[in-house]
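Q: Sharing the feature lines straight out of TrEMBL:
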- Cys518, Cys521, Cys558, Cys561: Zn(2+) 1 binding site (BINDING)
- Cys527, Cys530, Cys545, Cys548: Zn(2+) 2 binding site (BINDING)
- 290-456: domain 'Helicase ATP-binding' (DOMAIN)
- 553-707: domain 'Helicase C-terminal' (DOMAIN)
Amino acid sequence: MSNTVQVIVNIPARSLDKPFSYTIPAHLANVQVGCRVLVPFGNRKVEGFIISLEPEKTEGLKSILEILDHVPWFDSNMLNTARWLSDYYLCSLSEAMRLFIPGQSGIKTQKAYQAPASVDFEQAAVLLSKKPAEFRTLLTYIYEHGPVTLTDLAKLTSDPAAMIKFFLQHKLIISADIVSKRGKASVTTIIDLAVSRETAAQIEQTLPKNKAAQRRLLNALLAAPGNLTTAQLRSLSITQDTVKKLAEQGLITTRQLPLFRNSYAGGCLQTPAVNLTPEQAYALGLIIPAINTGLHTSFLVHGVTGSGKTLVYIRAVAEARRLNRQAIVLVPEIALTSQIVARFKAAFGEDVVVMHSKLSVGERHDAWRRLQAGQAGIVIGARSALFAPAGQLGLIIIDEEHEFTYKQEETPRYHAREVALARARLAGAVVVLGSATPAVETYYKARQGDHVFIPMNQRVDNTPMPEVTVVDMRQELAQGRRSVISQALKDMLTEILARQEQAVILLNRRGYSTFVLCRECGHVLKCPHCDIALVYHASATVLRCHYCRERHTVPDICPVCSSRYIRYFGAGTQKVEEALAAAFPAARIIRMDQDTTGGKMAHDKILSAFAAGTYDILLGTQMVAKGHDIPNVTAVGIISADTALNLPDFRAAEKTFALLTQAAGRAGRGKKSGRVVMQTYNPEHYAIIAGAGHNYQAFYQHEITFRRQLHYPPYANLVKITVHGADEITVHRNANQLAADLTQAPGLADAAVIGPFPASVNKIKDIFRVNILIKTQELPTVAKQLAGLGLASRRDIIVDIDPINVL
Ligand SMILES: Nc1ncnc2c1ncn2[C@@H]1O[C@H](COP(=O)(O)OP(=O)(O)OP(=O)(O)O)[C@@H](O)[C@H]1O
Ligand SMILES: [Zn+2]
Ligand SMILES: [Zn+2]
């Protein structure tokens with residue numbers, strides 16, 4: 001029997017990134033690895049996670065105060081995944097473990113005040129004699145009711161803080177933490193008769209008149225076929241007090257049942273039995289046996305838009321469930337993917353737990369307890385669902401695996417795909433990655449044999465892919481048309497509106513203010529050394545390369561065609577909406593972008609209204625391009641296909657290609673065929689040509705060559721180091737020093753250190769940010785070196801392994 005445990009305290013401070021030892025008091029002897037506990041830490045009580053039991057007994061240790069879980073919250077798979085995460089992403093183990101807890105902590109700590117162990121009443125009386133009477137009242141209250149919080153005290157007097165300060169100063173009170181468990185399982189009380197119905201009826205008769213409530217309760221129980229819940233009693237205005245009185249007399253019994261909150265009562269669809277398409281059958285023919293082996297395998301399902309990937313996921317999950325194993329289904333953003341959630345709900349009902357950002361911490365806890373207890377088998381949600389306590393994990397699905405929302409942009413800066421692969425490897429689980437436009441890194445890995453590759457090249461029912469027209473906006477200008485809506489787009493919309501079909505218009509606005517484009521010839525100013533668009537810094541009106549620091553002034557005329565139409569930064573959604581309204585006064589247009597969608601569920605509402613046919617045209621940014629499956633959408637217009645191309649980002653072409661393909665994929669998914677108009681200043685760019693031709697292969701061939709030549713991922717790993725601080729000069733000095741140190745560091749000899757350069761948004765809330773980029777083929781060595789330099793524990797530094805945003 002072990003007497004000592006190693007505990008990771010749930011405090012995200014980097015300086016505490018090591019386990020602390022505690023002893024186990026005799027009454028908590030059954031504590032296990034993976035349990036959350038309450039421990040004394042300094043003069044506080046904090047939550048801790050037990051990561052190991054030590055055989056040795058060590059003298060002089062503090063002991064654990066309380067066990068918060070009777071079943072360990074962390075199983076070995078979760079614990080090892082957290083360890084992997086902290087090693088790979090250079091975060092502390094507590095930062096990694098917090099990911100696995102709804103609300104990041106199982107306890108809530110409130111500061112409270114109470115009487116000290118001994119009080120010198122005489123001295124207290126002297127001190128208070130000079131003070132207003134309020135002081136005495138408050139102190140008496142604290143002595144009688146303590147520990148009490150400031151909030152409690154604020155109910156008694158308007159400004160308790162000053163008085164508390166005085167009491168603390170003179171040691172009349174001490175502060176103490178009130179620690180409460182979070183996400184307590186909500187319970188319902190069940191009330192039953194403890195005596196025979198005859199006895200109860202007799203007693204009811206003999207109760208005096210003033211016991212009306214007790215009589216009502218007995219009558220209610222006599223009338224009810226079985227028992228009653230407190231909620232039912234409330235409707236009869238029967239209080240807890242009455243229940244207590246009858247229970248004390250031994251007439252009734254009460255017991256508590258856990259009540260699981262389930263806030264997602266979404267409408268269930270009826271799924272008719274379908275025959276699998278040959279490609280779906282082929283995919284499942286590979287995936288299902290893999291699930292059966294119980295060994296880790298990963299698949300990449302590269303299925304064109306509308307090829308029926310969701311059904312493959314559902315059947316794979318059904319197989320995992322048949323084997324009594326659990327499944328995690330990740331979607332990029334729950335608010336934009338209600339259709340897939342509805343399909344899972346329809347197929348699996350209550351076995352599905354849906355995690356979305358609107359859930360309270362309590363609801364999350366309940367949901368996760370249901371998974372932990374095996375009462376639910378499937379969790380579907382955004383990247384955080386990956387950390388669900390699924391002890392029987394057999395399958396992880398990542399839909400739209402190329403989406404950048406899978407990367408967490410705060411510490412720990414993990415990518416859900418990588419963590420999923422690590423967790424599944426540790427659990428012997430299968431991973432299915434699905435996308436019409438896989439990330440270049442993922443596709444490369446599949447070609448290398450790291451993932452089993454499954455192509456799905458046909459749409460369901462062999463519906464043709466939509467026909468795409470590329471419009472050269474330079475030609476439009478040359479022909480005197482200045483509208484943001486080209487003639488071809490206008491013609492297409494006129495036709496489909498006349499047939500009462502619907503259209504989606506995508507305005508790809510991202511990055512518009514960061515680069516300079518010539519409207520006449522489409523030329524974008526690029527760095528001659530890095531082939532990346534120069535970033536426009538409005539504050540200094542200069543152009544800079546964020547990869548090699550080259551600087552240029554902004555030209556007044558285009559260096560290629562001498563046009564004065566350079567410095568074009570594009571149009572916003574509002575402007576496009578006005579142009580559409582002017583061209584189609586009768587059309588019902590709904591706009592969806594950051595400005596119109598305050599709450600997250602607003603997306604959902606807009607999409608459902610559009611799907612229901614309340615609107616003819618859905619106009620918006622990126623978010624209109626994704627995920628939805630609306631049969632009456634036959635036309636897609638892309639206002640500015642190439643804006644993302646000009647982002648000073650080596651993934652610019654990939655982002656553009658993915659967006660065009662996904663957007664085009666919204667058209668013609670039903671019986672009616674679809675059409676797409678893509679407006680661009682770069683019709684000869686490979687991402688545009690491949691996007692228009694639905695040709696992933698062509699895009700990939702081009703892209704991978706570029707990546708190989710310039711040593712970008714997948715041929716190297718990147719690490720982004722951000723130095724930040726309030727003082728610009730210090731930040732720059734520290735960054736320069738760090739870059740110099742890194743260049744000299746022995747373990748980084750083979751790595752390229754690039755920068756420092758100011759972040760593209762170089763000042764946020766008065767904090768300056770400067771980036772250093774490391775390109776390496778030896779990430780583990782570099783990571784070790786960075787950890788050795790103590791970077792991970794510096795407060796002014798953020799280390800981002802495999803950054804998605806390099807700006
Ligand atoms: N075997 C089948 N028989 C009939 N209809 C099917 C079949 N499989 C899928 N479908 C239907 O085909 C449509 C497209 O399927 P789904 O939405 O799964 O495509 P997808 O591959 O996920 O596309 P995207 O990548 O664009 O999201 C859906 O309406 C779906 O219900
Ligand atoms: Zn030009
Ligand atoms: Zn450059």
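Cβ from N, Cα, C; glycine included.
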Q: Counting only residues 6+ away in sequence within the same chain, which have a CB under 8 Å from the CB of Cys521 (Zn(2+) 1 binding site)?
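A: Listed in sequence order, they are Arg474, Cys558, Val560, Cys561, Ser563.
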Q: Based on a Cβ-to-ligand 2 distance below 6 Å, what subset of the binding-site residues Cys527, Cys545, Cys548 would you report?
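A: The ones that qualify number zero, so the answer is none.
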Q: Filtering Cys521, Cys548, Cys558, Cys561 (binding-site residues) by proximity to ligand 3: which pass a Cβ cutoff of under 6 Å to any of its atoms?
A: Cys548
Q: Note down the number of other Cβ atoms within 10 Å of the Cβ of Cys518 (Zn(2+) 1 binding site), including every protein chain shown.
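A: So the Cβ neighbour count for Cys518 (Zn(2+) 1 binding site) comes to 24.
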Q: Looking at the binding-site residues Cys527, Cys545, Cys548, whose Cα is closest in space to that of Cys518 (Zn(2+) 1 binding site)?
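A: Considering only the listed binding-site residues, the nearest one is Cys527.
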Q: Quick one: give me the count of other CB atoms within 10 A of the CB of Cys527 (Zn(2+) 2 binding site).
A: 21
Q: How does the model score the domain 'Helicase ATP-binding' (290-456) in terms of mean pLDDT?
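A: Per the prediction, mean pLDDT sits at 92 for the domain 'Helicase ATP-binding' (290-456).
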Q: Counting across all protein chains present, how many other Cβ atoms fall within 10 Å of the Cβ of Cys545 (Zn(2+) 2 binding site)?
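A: Neighbour count, Cβ to Cβ under the 10 Å cut-off: 22.
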